[in-house]
Amino acid sequence: MYLCISVLVVFFQMELLTLPALRRMAICGGTHGNEMTGVYLVQEMARRQKEEGDKAWPVPLVLVLSNPRAMQECRRYIETDLNRCFTSAILSFPITDSTPYEIRRAHELNALLGPKDSKEAVDVLCDLHNTTANMGVTLIAYSPNEWICLHIYKYLKGKMTLAPVRLFMVNIPKNEAYSLESVGKNGFSLEVGPQPHGVLRADIYNYMKEAIELSVEWIGLFNSGVMIEGGEVDAYVFHKSIDYPRDPESKQITAAVHPQLQDQDFCCLKSGDPVFLSFSGETVCYKEEEALYPFFINECAYYEKGIAFHLARKTTLKIPSVRVQRN
Amino acid sequence: MTSRCGVCCYNEAKRVAIFGGTHGNEMSGIMLVNMWSKNEAEIQRSGVMTKPFITNPRAVEKCTRYVDTDLNRAFTPENLSAPCADELPYEVQRAQEINKMFGPKGSANAYDVIFDLHNTTSNMGSTLILESSADHFTLQMVHYIKKAIAPASCPVLLNEHPLLKYSTSRSVAKHPIGLEVGPQPQGVLRSNIFESMRAIMKHALDFIELFNNGVEFPPCSVDVFRVQERMDYPRDTNGNITAMVHPNLQDCDWEPLNPGDPMFQTFDGRTIPYEGSSPVYPTFINEAAYYEKQQAFVTTRRETLAAYAIRKTEQ
């Protein structure tokens, strides 16, 4: 009797999800034209693909340079941030003569890699980014049900040797998701830093290369039919953003990120901890009750978006074991 | 400058300028000049008129290095003497305006001292840049600053190379000094970098005040790094880079690079070693703005310069 009950308990705890095979993966670089690692990694992978054909990786890859004009000028964007152009609404605007370059490009990428929410979309879309913030390797996913992305994160976390790996969960519904990876059936970004925009660091390149190779390796493993165990993973879930202190008239910033917060991405911020140091020497402290986790601390591109850093809650996500569906 | 009994006499430095925003995305200088333009208390010294000035306001507005052409290469004799015209690149017009306001370059009316505030993505710390080994006034100033911030270090880069020297915005003054503080990404303001630059300016202005008040500075020696050679990235026949600064060299500004040491890493992981015949001291390693100028880093050699005693000229 006792033996039967314990077997039943084990049976109910073991959840196994079967998912379709991942037949096509896209890797995109240069979505922001001055985030250099993705640009050069995609070009290098394209060179390898030309030499070795589909044998180069366990799954066929579509390699894309998302924003060629911005890349040419080594700028984040030409008219508008491409990585904010992929909401279902923007993708269904008709294109006219006055449509900004990046919105046209978003439509092209949606046709190439999507259409978003259709069965023709690529199975996995991985978008490569850099940040000036000290974020190591951060995988960005949209929702806690993106099992493929969460499994890839778990795999990277267990295997990456060169840099710390974290998961940032944006937590918005797919049709409101505005960035490129939401075009794929499963999509995630790899955000690697710190690296100045316009600079190519070999160490950052090596981290991103390792992360991509492990991601593709996991997909190959999944497609081969083995059962991949689930478990629990830590995630940082977006809570809110904090802007710099600004002059009320000129809107110019009046303080810099405090030296004790600078580079401390994902380190717990508690009430009383310094966050800004004003040019006149005053320290501004974090005043909220709830301890939260700052990240994207002092990202160059976020000054114009009114963001000094984001704050996240740390949580634990349960992911089921997965296996590829057998035909 | 006159010399008597081994002491170099220089005129009082009455007119000083602090330039920020020569590159519109190098934030420390921009924020300092804006701050000092609103409140001059910190930069006031007796007997000195110090003018904070944004040199490239259009580039600052766009948070970009330059609009048409690099302002910090624009102060050539050809540009400064070109007929004034709307068709000239923005920065050439700007160079002419700045030359009128703070120069003319090479004339007796030029400003005495100009400090030009820059940031770099390279790990250069707080570097002072000199354009002449024979300007004993600036050598003494640099010596004073180094002593004042010790034990923190303050490397001195001397760019007197006939081919690699360039026509900077500060070259309009009799005594030009560049401040290059890093590492800081373009478009980003780091508090520690901002405060380092601010501290150096404080000591520089203190020196000028002491000098103008008649203090005689005894002979001294100044260790410098003299610019030797520009090293480009390996490139393919189309001009595209084929390798990156090696992780072992990245961030190692001012440290010796010996023959055989790793220098570049190709995209498929191969190491390219340095093949010079003797050790060099690299700097400006992996500066963002220099990819387009074909420079991965610049090599320097160490040198000790002798600075004469200096004192202000008696009126």
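From the backbone N, Cα and C atoms, a Cβ is placed for every residue, glycine too.
What TrEMBL says about this protein:
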| type | residues | note |
| --- | --- | --- |
| ACT_SITE | B:Glu180 | active site, proton donor/acceptor |
| BINDING | B:Arg65, B:Glu180, B:Tyr290 | N-acetyl-L-aspartate binding site |
| BINDING | B:Asn72, B:Arg73, B:Tyr166, B:Ser167, B:Thr168, B:Ser169, B:Arg170 | substrate binding site |
| DOMAIN | B:13-208 | domain 'Succinylglutamate desuccinylase/Aspartoacylase catalytic' |
| DOMAIN | B:221-301 | domain 'AstE/AspA barrel-sandwich hybrid' |
Shell list (substrate; ref centroid = CB of B:Asn72, B:Arg73, B:Tyr166, B:Ser167, B:Thr168, B:Ser169, B:Arg170; cutoff 8 A): B:Thr22, B:Asp70, B:Leu71, B:Ala74, B:Phe75, B:Asp116, B:Ser171
N-acetyl-L-aspartate site span - longest C-alpha distance across B:Arg65, B:Glu180, B:Tyr290, in Å: 15
Binding-site residues listed as B:Arg65, B:Arg73, B:Arg170, least Cβ neighbours within 10 Å: B:Arg73
Long-range Cβ environment of B:Glu180 (active site, proton donor/acceptor), under 8 Å and at least 6 residues apart: B:His118, B:Asn119, B:Thr120, B:Met124, B:Thr127, B:Leu128, B:Ile129, B:Leu157
Which of B:Thr168, B:Ser169, all binding-site residues, has a Cβ with the fewest other Cβ atoms inside 10 Å: B:Thr168
Number of helical, extended and coil residues in the domain 'AstE/AspA barrel-sandwich hybrid' (B:221-301), per DSSP: 3 helix, 34 strand, 44 coil
Residues close to N-acetyl-L-aspartate site centre defined by B:Arg65, B:Glu180, B:Tyr290, Cβ within 8 Å: B:His23, B:Glu26, B:His118, B:Thr120, B:Thr121, B:Phe284, B:Glu287, B:Ala288, B:Ala289
Between B:Arg65 (N-acetyl-L-aspartate binding site) and B:Asn72 (substrate binding site), the C-alpha gap once rounded to whole angstrom: 10
Site extent for substrate (largest Cα pair distance over B:Asn72, B:Arg73, B:Tyr166, B:Ser167, B:Thr168, B:Ser169, B:Arg170, Å): 11
Rounded to the nearest Å - Cα separation of B:Tyr166 (substrate binding site) and B:Tyr290 (N-acetyl-L-aspartate binding site): 14
Greatest C-beta neighbour count within 10 angstroms, which of the binding-site residues B:Asn72, B:Ser167: B:Asn72
Rounded inter-Cα distance in Å - B:Tyr290 (N-acetyl-L-aspartate binding site), B:Arg73 (substrate binding site): 13
Sparsest Cβ surroundings (other CB atoms within 10 Å) among the binding-site residues B:Tyr166, B:Tyr290: B:Tyr166
Secondary-structure category, per DSSP, in which B:Ser167 (substrate binding site) falls: coil
Three-class DSSP secondary structure - B:Asn72 (substrate binding site): helix
